[in-house]
Amino acid sequence: MAKFKIRPATASDCSDILRLIKELAKYEYMEDQVMLTEKDLLEDGFGEHPFYHCLIAEVPKEHWTPEGHSIVGFAMYYFTYDPWIGKLLYLEDFFVMSDYRGFGIGSEILKNLSQVAMKCRCSSMHFLVAEWNEPSINFYKRRAASDLSSEEGWRLFKIDKEYLLKMAAEE
């Protein structure tokens, strides 16, 4: 399959974006963790101040999924800032449906993300990969990605909403 196109997502793509987010979560054995709704995606990504940006991979009708979907991959990203190195593109989610892997779709999405990062003068692109996800780790390593966990010893932490609320209310 040589025909596909990568394009910025539009508000009308939110149902497909949510579908792919759920497919990625299932692939990562975390499908019960997805709490977002289509409305959240619409408001958060396509309002006056978008919190994220998204590229999607779309195939022509002759290559649609058996369920009739034309959108077969996506990359959700946003910009952040590192006080040591400046602007970063943070790749939050990146997924291509399994039947559409091996056709260059993921590589083309990553190329488009790289172009966005360079256009915005970002110093690098950061992302997380599950330790068990060897196919993705190898995909990124083939493209010169560095594993900061092993190379620099960084650890990722989070503070859940309930504790944020407690801290915010402290006097």
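Glycine residues also receive a Cβ, built from the backbone N, Cα and C atoms like all the rest.
Quick caveat, the model's predicted, so the values are computed rather than measured.
The feature active site, proton donor is assigned by Swiss-Prot to Y140, with similarity to another entry given as support. All chains included, 18 other C-beta atoms sit within 10 angstroms of the C-beta of Y140 (active site, proton donor).
Using a 10 Å Cβ-Cβ cutoff, H126 (substrate binding site) registers 15 neighbours. The substrate binding site feature in Swiss-Prot is assigned to Y27, E28, E92, H126, F127, L128, E152; the stated evidence is similarity to another entry.
In this structure, I105 (acetyl-CoA binding site) is part of a helix by DSSP. Counting every protein chain shown, the Cβ of I105 (acetyl-CoA binding site) has 21 other Cβ atoms within 10 Å. For 94-96, 102-107, 133-136, 140-143, the entry in Swiss-Prot reads acetyl-CoA binding site.
Feature annotation from Swiss-Prot assigns domain 'N-acetyltransferase' to 4-171. For the domain 'N-acetyltransferase' (4-171), the model's pLDDT averages out at 94.
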Considering each pair of residues in Y27, E28, E92, H126, F127, L128, E152, all listed as binding substrate, report the largest CA to CA distance in Å, no decimals.
28
Looking only at E28, E152, the binding-site residues on record, which one has the least crowded Cβ, with the fewest other Cβ atoms within 10 Å?
E152
How many other Cβ atoms sit within 10 Å of the Cβ of L128 (substrate binding site)?
13
